[in-house]
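S.K.: What follows is a single structure, and I will ask about it in a moment.
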């Protein structure tokens, strides 16, 4: 039965890796898609290929996942695998839910939150290493978007100063390649950082099962499957999140897109090298906001940014709550059936959310549409809807024009 | 468990490299674009050289960050 639980954990971990790629395609490609530097489909194909390559370049982050955040010493193998499974379930549910709402939230925080919640449910508060949580999750969550925003702000400001006299046409033509290069670097950086997190989780499960030694090297099959899963997820393209990050926060220009992507890529590559599991979503979103702030003529939509910030704040507790609830549920069954029940609930929840997303589809065909419909179009839409409602009583084929009121002498009233 | 010194070093490194590469590469690229658009004699060559510097910096950054420990024995 222990082997069956291990197989379930590995499959669910790869599913998390898939949702991670799916959710985070936006981090690399949203600016390029939004500015039209790349068409949506080639953009996700390029990003998927580079995520695949990036996954093989570094395993520094994989070594840090789990270590220093939860204390699982003394937990027996099956219980440890259940904690990992429930943590992954919390992370996947949160990832899919935030994708449904088009919110770029952190897959890393969802994963850590799920693991922390499941550990608390299994071992109590003493099972969590709060010092490690502060150092590896909470404080980096605060500084990552700020640093990324600052770097992108400086980069965008400098680029605008240098190229303020070139025409819009020249800007679009000249910065297109810079933007593609920066987005490619960002995809590579994402592969070096995020694919590692799932590798770390599978490694933890393999150690719990006793398949490998804690000091062993990362098995090749783990690296290959994780790289393929994140690349496949990236290729699927989380269009809802791409739309929010590319068009929702700020109407990005090619110069801004390039600066934002270079800022994100340099920060993520450095953090991968240092083994710091930074959230690529926080970095990418911070960069987009920073590049928006660097220009006076561009409006940052703070309402969208505020929704995103709320999602960031509740990611850890929300994924943790789902993880904890799943673990408490598994206690009602034996370990194997507990794992089966949790996995079934996960599949049902994800299917329900996917079906809900079909009611309001966002795909490669409409991902780069304007965020706010022009006022005239918006008014016409409301008029059409009102006409449809009113048609049961008095059919109205087209909206009526309001007659101008005139005074006795034929002039308009008032003025 | 909480090591403030390690954290500060990490934050400083991320900020330093971020500014150097994250803001530096776009600046050099922009200088290359301005040079090409200026239409002055030799501007295309200057522009190409600056673009090449961008590519080399990006590749150098990847090599140092990914293979830094192997190269420098870190």
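Using N, Cα and C of the backbone, Cβ positions are placed for all residues, glycine too.
A TrEMBL annotation is a machine prediction, not a hand-curated record.
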S.K.: Could you check which of A:45-67, A:137-159, A:160-182 is flagged in TrEMBL as transmembrane segment?
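M.R.: In TrEMBL, the transmembrane segment feature sits at A:137-159.
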S.K.: Would you please say which range out of A:287-308, A:309-330 has the annotation transmembrane segment in TrEMBL?
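M.R.: Going through A:287-308, A:309-330 one by one, TrEMBL flags A:309-330 as transmembrane segment.
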S.K.: Ranges A:80-103, A:200-223: which does TrEMBL label transmembrane segment?
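M.R.: Transmembrane segment, as annotated by TrEMBL, spans A:80-103.
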S.K.: When each of A:80-103, A:137-159, A:309-330, A:336-355 is checked against the transmembrane segment (A:110-131) for Cβ pairs under 8 Å, which one has the most?
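M.R.: Maximum Cβ contact count belongs to A:309-330.
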S.K.: Counting CB pairs under 8 Å, which listed stretch among A:80-103, A:137-159, A:309-330 touches the transmembrane segment (A:336-355) the most?
M.R.: A:80-103
